[in-house]
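Lifted from Swiss-Prot, the feature list:
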type: TOPO_DOM; residues: 1-30; note: topological domain 'Extracellular'
type: CARBOHYD; residues: 10; note: N-linked glycosylation site
type: TRANSMEM; residues: 31-51; note: transmembrane segment
type: TOPO_DOM; residues: 52-59; note: topological domain 'Cytoplasmic'
type: TRANSMEM; residues: 60-80; note: transmembrane segment
type: TOPO_DOM; residues: 81-104; note: topological domain 'Extracellular'
type: DISULFID; residues: 102-194; note: disulfide bond
type: TRANSMEM; residues: 105-125; note: transmembrane segment
type: TOPO_DOM; residues: 126-144; note: topological domain 'Cytoplasmic'
type: TRANSMEM; residues: 145-165; note: transmembrane segment
type: TOPO_DOM; residues: 166-202; note: topological domain 'Extracellular'
type: CARBOHYD; residues: 191; note: N-linked glycosylation site
type: TRANSMEM; residues: 203-222; note: transmembrane segment
type: TOPO_DOM; residues: 223-242; note: topological domain 'Cytoplasmic'
type: TRANSMEM; residues: 243-263; note: transmembrane segment
type: TOPO_DOM; residues: 264-276; note: topological domain 'Extracellular'
type: TRANSMEM; residues: 277-297; note: transmembrane segment
type: TOPO_DOM; residues: 298-325; note: topological domain 'Cytoplasmic'
């Protein structure tokens, strides 16, 4: 492997990073490769099936499932940004990544994480309108509003990532830095910079606070109102039916927010311990795998649509209804 070092303004600037990943014996590397490859392929398959089921079943042409299809699409790319490079590193002695490759991976990772935070908040708002204002739900959650909200999620994610990258990509990294992680993330990159990264840290902290705190407040406020509404329902069966419509989303929210908040609680110090890599695996690999399963287990409409989709794909083309509100 050839290392290219450039001298710019009295700084030694590297063009490559070393991802330390999960240093273990070769036999365990092969085992990890097999496990993570199976997890990656299964995640892609699950989310693709959900997208196909929502697209092909007219009964799922509702705002709730429109946002769910965006979540599935997002998570397919979310894992694709990280998993392929991680899988290659399990089998290769060369665990380096180019500067441009690292910045590209970081940009899309931040984009998808920020987009998911906002999307989960919008899905919580959708459940709030459906349960607390059921009569006005079709009037409020129109196709136009849903499209605008979904587009806004992606726009905010892209812009947040772009602003962060402007500051992080300008930092100098000396020699060939070793990143104590299995992918390029913000905190480990800030830790290996050979110049003062306080400005980039402050921008990252402020934007992270905005992207995490505001959606979290929306989620908490939405579910507080939902809970208050459910408790006022007189019958136990009615309460159970109302809660079942948002149980899947609430489970996904708790999983994603708890993992990411735990990981990024102390960004400057979090990579001092390898245990944080395990937590990162949970929200970058395991949570995207579990999300489709959670929605299938707790949502009878999704389960029925998936059965129909699998049956149709296996037995040949079937007629599908047109999209409706």
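Glycine residues also receive a Cβ, built from the backbone N, Cα and C atoms like all the rest.
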Tally of DSSP helical, extended and coil residues in the topological domain 'Extracellular' (81-104): 17 helix, 3 strand, 4 coil
Please work out whether the transmembrane segment (31-51) lies in contact with the transmembrane segment (277-297), by counting C-beta pairs under 8 angstroms that are 6 or more apart in sequence and asking whether there are at least 3. yes
Tally every other Cβ atom lying within 10 Å of the Cβ atom of residue 194 (disulfide bond). 15
Name the range, of those listed as 60-80, 105-125, 203-222, 243-263, 277-297, that has the largest tally of Cβ pairs under 8 Å with the transmembrane segment (145-165). 105-125
Round to a whole number and give the Cα-to-Cα distance in Å for the pair residue 102 (disulfide bond) and residue 191 (N-linked glycosylation site). 15
According to DSSP, does residue 191 (N-linked glycosylation site) sit in a helix, a strand, or coil? helix
Let me make sure I understand the structure: which of the recorded positions listed (102, 191) has the fewest other Cβ atoms within 10 A of its Cβ? 191
What mean pLDDT does the predicted model reach across the topological domain 'Extracellular' (1-30)? 67
Of the residues in the topological domain 'Cytoplasmic' (223-242), how many are helix, strand and coil by DSSP? 16 helix, 0 strand, 4 coil
Surrounding residues of the topological domain 'Cytoplasmic' (126-144) on its own chain - C-beta under 8 Å, 6+ positions past either end: 63-64, 67, 222-223, 225-226, 229-230, 242, 245-246, 249, 325
For the topological domain 'Cytoplasmic' (52-59), residues assigned helix / strand / coil by DSSP: 7 helix, 0 strand, 1 coil
What residues elsewhere in the chain lie close to the topological domain 'Extracellular' (81-104), defined as a C-beta under 8 angstroms and at least 6 residues from its ends? 1, 14-22, 29-30, 32-33, 36-37, 39-40, 112, 165, 168-169, 173, 176, 182-184, 189, 284-285
